[in-house]
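What follows is a single structure, written as C-alpha cells, with notes after it.
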Amino acid sequence: MRRLLIPLALWLGAVGVGVAELTEAQRRGLQVALEEFHKHPPVQWAFQETSVESAVDTPFPAGIFVRLEFKLQQTSCRKRDWKKPECKVRPNGRKRKCLACIKLGSEDKVLGRLVHCPIETQVLREPEEHQETQCIRVQRAGEDPHSFYFPGQFAFSKALPRS
C-alpha cells in the first residue's frame, strides 16, 4: 500500500490543482492576487491564470491565510480589460510564475497580501527566503501577538534561599 501512495503523491504534485478544485477561500485569494497583480504600473498587458501549482488555506483566529503558487500567461488584451472573457492567451506571450500570500478576514476583508510574479526566466534569480519571510508577515496580519504561547516565551527562576 505504501508503495502505491508515494507515486500517487508525486503524480498529484506534478499535475497541480485545477481551478475547479479550489476552496472558496482559495478562489477568493486567487481573485485578490490577480487584482493586485494587474494594479502594478509596469504591467501593460492582461495576464490570465493558466495553472495553479499549489493552494493551501489555513484558518487562524483573525481569518484565513491562503498561500497560492500559480502561473500566468500574457493575453491579447490590455491590463484594464483583464476580466473580459474574450481575452485569449497569446501562444508566445510572456509567462510568469507567481507566489501569492493572502490573509482574508471576516466578510472577505483583506487583512494582508503579498503577490510576487517574476517573469519565468527570472524565477531562479529571486531569493526564496525573502518571499517566505514576507509571506509569514502576511500570515500573521490581524493576529494578536499575545494569543499564542511558545515554549520559552516566559521564563521564571526561583531564587535560592539565603544561607
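Cβ atoms here come from the backbone N, Cα and C positions, even for glycine.
Taken from Swiss-Prot, the feature signal peptide covers 1-20.
Look at Swiss-Prot and you will find C77-C87 (among others) tagged as disulfide bond. A strand conformation is recorded for C77 (disulfide bond) in the three-state DSSP classification.
What Swiss-Prot records for C98-C117 (among others) is disulfide bond. With a cut-off of 8 Å between CB atoms and residues at least 6 apart in sequence, the same chain places A33, F37, L68, E69, F70, K71, L72, V115, H116, C117 near C98 (disulfide bond), listed in sequence order.
As annotated by Swiss-Prot, disulfide bond applies to C101-C135 (among others), with the evidence given as sequence analysis. DSSP gives C101 (disulfide bond) a strand state. For C101 (disulfide bond), other Cβ atoms within 10 Å of its Cβ number 24.
Cα to Cα, C135 (disulfide bond) and C77 (disulfide bond) are separated by 30 Å. Taking each of the disulfide-bonded residues C87, C117 in turn and counting other Cβ atoms within 10 Å of its Cβ gives the largest count for C117.
Around C135 (disulfide bond), taking its Cβ as the centre, 18 other Cβ atoms fall within 10 Å, counting all chains. Rounded to the nearest whole angstrom, the C-alpha distance between C87 (disulfide bond) and C101 (disulfide bond) is 26. Distance noted between the C-alpha atoms of C101 (disulfide bond) and C77 (disulfide bond) is 26 Å.
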